[in-house]
Structures are given as C-alpha cells and as structure tokens.
Amino acid sequence: MDSLSKKIQNLGIHDIRNAARFAQNVIVQYEPYQIDIRRATNTDAWGPTPKHLAKVLRNRYQVPLYLMTEYTLKRLVDHIATRPKNLYEKARKDYVNYGSEWRVVLKCLVVIEFLLLNVDTGDELNQIRSCLLTHKHILTREIAQFKVKFSNDGKMEIHERGIRKKGELILQYLEDSQFLKKERAKNKKNALKIRQQGESSIYNANQISTSASYDNIDDDEFDADADGFDSEMDANNVTNFNVPVETEANSNTRRRSHMEEQRRQRREILREQIKNKEQQRKRKQQQDSIPDLIDLDDSTSTTNNITIDNGNNDNKNNNINSNSDDDDDEFGDFQSETSPDTTAPKTSNSKIDDLLDWDGPKSDTDTTAAAQTSLPFAEKKQQKARPQATKDKSKGNDAFSDLFSYSKSLV
C-alpha cells in the first residue's frame, strides 16, 4: 500500500498523458500500425526517436504503405484544421494540446520523409509517392499557409519556418526523382556508417574505429560525383557513390575477426600476468632461503644483551638482599634503642604500685625475677648497664631514692 501511494505521488504530467493515450487506444481500438504512428507523432517535446520510426517501418510487412501514409496525412490534417469537427476535437485543441499542435504537424512530416528515404525501391516507394501526389494539395496549400497561433516556448515564427521548409523538401522529393535517389543513397550511406560504428564500439571498444576504412571520400566529393551520374541507374546500385555494399557474410566475418583478436589479446595478457606472478614467487623463495647475516648478528647481540642483563639483574638482586639484611640489622638496633622508652613506664608503674601497696611490699627477689622474666633481651642488657645503686636494693630501703636514681639513669 505504501509503494502504491509513493508511485501515485511520483506521477508526473507525462505519466498521466501516457495513461490517457493508452486508454484512448483501447477505447477507440486503433490498429497496431496506427498506434505506432500516433506514438511517433505525439505532443511530447522530443521525438520521433529512431526506435519509434523503426516500429513504424516494420509494419510495412503487414500493412500496405499507402495506408500508413494516408493515416499520417489524416493525422496531419486533423491538427492543421482550425475548425474542429466535433466537441471532442474542440476540447483537444483548446485544452489538451493547446500550444503543442505544431509538434504533431512537424512530426508527421518527419515520418513521411523517413518512409520516403528508407523503404525499398520499387513498389513500396511507388505506393508512398502515389499517395503523396494524390494529396499534394495538403503540402502545397495547407502546409504553406499553416500558422502557429500559440506555442509553449513562444517561438511561433521559428516553428512555422521549420514546418514550411520540411514541406518544401518533401515536395522536392516528389517532383525531382534524381534528388530523391541522391538523398536515399546518402541516407543509406549514413545508416551504414552508424551501424559499423556501433559494431566497432561493441566488439572493439579499445581499438580505433574502422569506419574510416569504408569511406575514403568526404561529403563534398560525394556531392561532386553525384551531380553527374546517369539518371537510368537503379537506386539500389550505389557503387558510383563509393558506398560499400556489404553482405551479411562479410559483416559476420569481420565480427568474428574482431572477437578472435580480442580473445588473443586477452590470452596474451593472462599469460604475461601468470609469468610475472611465477617469477615473483621464485624470487621470494630465494630470498627466504638465503640467511641474512645482519639478522643473525642482531639475534646474537640480543642474546648477549639478554645474558648481560640477566647477570646485572642477579647482581642487583644480591645487592638488594645485602641491603635488606643491613636494613634489618639497623632496624633491630633501632628497635633495641627505642624499646626502653616504651617499657620503662611499665616497670615504674609496677614500682609505684608496689609503693602504694599498703599490705606490704613484695620482696626484691620476687620483683626482680618477675621483671627479668617479663623484660626483653634489650632491656636486660640495659639493666646490666645501670648503676649499682639501682640494682642493689638490699642496701637501702628508701623507695624514693631508688626511683630518683632510676630516672637519672634513664636520662
């Protein structure tokens, strides 16, 4: 549903016109050749394209060419007429195709010229010429007096001159058979050039176009040679115009030669690429097999550096261990020096507690034994270094003198 809505939103005026034309073709039930002619002579700003003209020409095998020419002239007259025949024609002129009528007229003349220049010589060309001669008054009077009342681009006079010039050219084709033969031969030559250039671009895009080899003279020489040719020459025989007549076998042979040449070139390029890749692979293998002395020196130097670094690391570890041992010793000395400050108040407190014990002081032997068992080794050493007065408590029973002497020893 969303895709349908998007398509409806993206519709333009050209899509709406195409839908209306399709509905009109279905309702009116036009013949296939009429539909092709209507498509080639519509009111679009472009065309008729070569595709449209080719579709018109292919109907010659199903429909006589004079019917196709008559229908083209009928469509031309319908858009030239200033007085509409019915209400439908009036609505079409005043609203639908207003400002674009001249395009239909010019395209009808282009289709007629295309039929004159591209049909086969003989009965087909005679049918078109007889039909145009029958309705010659359309070209002499209606086309010569045609006026463009309004144009969408505002170039009415330019379009009028173009339509009149095209009508005069068709009249010259009808009146001068030699001029018609010359133009038909020139048109065939140009069509052959276009076809050869298209084939060369498809089958030999990288090479120079070979179309110049088929045409060695320019248009001036062509015109100079064409003015004096025999009037009884058949239009199909174009050898006097230096136009090459190629058969289907020759074109197929040339096409095959182009394809074979391209295949041969591709095979050579592929062989060269494979050869280069093989040579590169062999060079790479040789380079890998030869040892690089520079790389070996680098590797040995790196191993030596690694062993040296390992030795240095071992020495560093030994130094660190020795340093750590020294630090441990210093830390022990520091601990032995600082421990008396922390433990001394405890002994003094115990001494004070003994002094404050009213039940009776404990014996000196008990206190010294308890102190010696509780004190660490560092304090024991320090006690040995104390004065004799503090150690020998049995000589004096004054507690305050012992405390005073102990404090002096600490200071």
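Cβ coordinates are placed from backbone N, Cα and C, and glycine is handled just like the others.
Per Swiss-Prot, the annotated phosphoserine among residues Ser251, Ser301, Ser322 corresponds to Ser322. When secondary structure is read from DSSP and collapsed to three states, Ser401 (phosphoserine) falls in the helix class. Within 10 Å of the C-beta of Ser401 (phosphoserine) we count 12 further C-beta atoms, all protein chains included.
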